[in-house]
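Peer 1: One structure, pasted below without further comment.
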Amino acid sequence: MPFSLVRIDEDDVLEYVFERYTAINSDADSIRQDLGIQDSKSTTLNIEIAPPKSLINDTNITKKGKKKKGNKSSSDYDFYSFEIKQNVTSLHSTRDNDNSTTGYVLWSLTPVFCEWLLYNEQASPLHRAQMVNICSLEKKIIHDIEFPSLLNEDTTVIELGSGISSVLPILCSNFVGTYICTDQRGILNGLKQNIANNLDLVNKRTIVSETLDISNIQEQPTNSDDETIPIKPTTQLEVAILDWETFPKSIKSGSSNILTDFVKPHGTIFLLALDVIYNEYLINPFLHTLHSIMFYYKNQREIVALVGIHLRSDDIVQEFLEKVTTEFPFKLHVVDDPQWSHSRYDIYYITL
């Protein structure tokens with residue numbers, strides 16, 4: 001059964017936050033009690049995105065996203081093994097990147113979200129468009145909607161606050177037509193390097209890019225008779241500077257920038273943001289950027305946002321939800337799924 005969406009209106013915020021943190025406290029023994037850094041000491045991380053053992057026999061899959069031929073179940077799931085360089089020194093610096101340093105390391109929500117997205121049956125609406133229930137805070141079904149597919153070749157993904165790791169863009173580039181990573185200038189060199197180091201994990205599609213130097217990394221394979229193997233579909237993978245504090249509150253019609261030049265003329269646009277709301281100073285700039293991009297495209301095609309938040313301070317989460325529901329013309333829902341409800345993470349679905 002797919003996930004449902006719980007509607008959160010202005011009048012629901014206080015009750016929702018209270019109930020959510022009450023649930024977190026009751027699950028405290030089974031939930032990691034830390035800030036959410038995947039590894040705060042290592043400069044090189046080996047991260048595996050793999051199906052749980054309940055879904056597949058471990059002996060039927062291999063690393064680097066390549067699967068052995070065998071039974072049907074082994075061909076249904078991919079296994080990604082990342083090597084990620086992160087900068088722990090810059091994380092603690094007061095000088096680097098204008099003191100905005102959280103993007104220099106991998107945070108735990110990213111691999112958790114990726115495994116849920118790929119392997120959890122309740123995430124199936126993100127694989128193929130289907131109907132999902134809209135429920136009240138009391139979990140009463142109000143109506144249903146067709147949820148757009150994320151892992152679709154017609155989808156454009158714009159990630160806000162990509163960070164240094166490359167996990168999400170590499171994984172999604174096996175499925176989507178366009179993926180645009182954005183972050184502050186100081187983060188992008190490390191992100192580009194991690195993309196280059198893990199590009200072999202994109203084995204379903206061929207990457208093309210105007211902002212990444214990948215000409216010598218991903219080449220068209222040939223067979224033993226020197227005949228070109230059938231060309232794979234392409235994914236446009238780009239990296240761009242985007243600072244929420246300086247981003248315009250409205251994008252002028254006809255503007256030319258990476259957010260407009262590389263977006264396909266059809267298909268759904270997904271704005272993705274994972275663990276980017278962790279203090280009150282980021283909330284307004286982030287929401288203004290989100291609204292600016294969504295408003296620009298709203299009359300051209302479907303555009304939606306998935307925002308994942310690590311639930312640390314209840315005051316920060318409450319302020320974020322209050323601003324979403326009172327200061328912007330957004331419709332707010334939270335993904336209702338057992339994996340998330342018994343964790344310290346929420347995934348919010350935001351539309352205009």
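Cβ coordinates are placed from backbone N, Cα and C, and glycine is handled just like the others.
What you see is a predicted model, and the numbers here were worked out from it, not measured in a lab.
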Peer 1: Looking at the S-adenosyl-L-methionine binding annotation from Swiss-Prot, with Trp107, Gly161, Ser162, Gly163, Asp183, Trp244 already listed, which candidate in Leu45, Leu55, Leu212, Leu274 is the matching residue?
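Peer 2: For S-adenosyl-L-methionine, Swiss-Prot names Trp107, Gly161, Ser162, Gly163, Asp183, Trp244; of Leu45, Leu55, Leu212, Leu274, the listed one is Leu274.
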Peer 1: Specify the count of other C-beta atoms within 10 Å of the C-beta of Trp107 (S-adenosyl-L-methionine binding site).
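Peer 2: Here the count is 21.
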Peer 1: Let me make sure I understand the span of the S-adenosyl-L-methionine site: among Trp107, Gly161, Ser162, Gly163, Asp183, Trp244, Leu274, what is the greatest distance between any two Cα atoms, in Å?
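Peer 2: Of all Cα pairs among the recorded S-adenosyl-L-methionine binders, the widest measures 20 Å.
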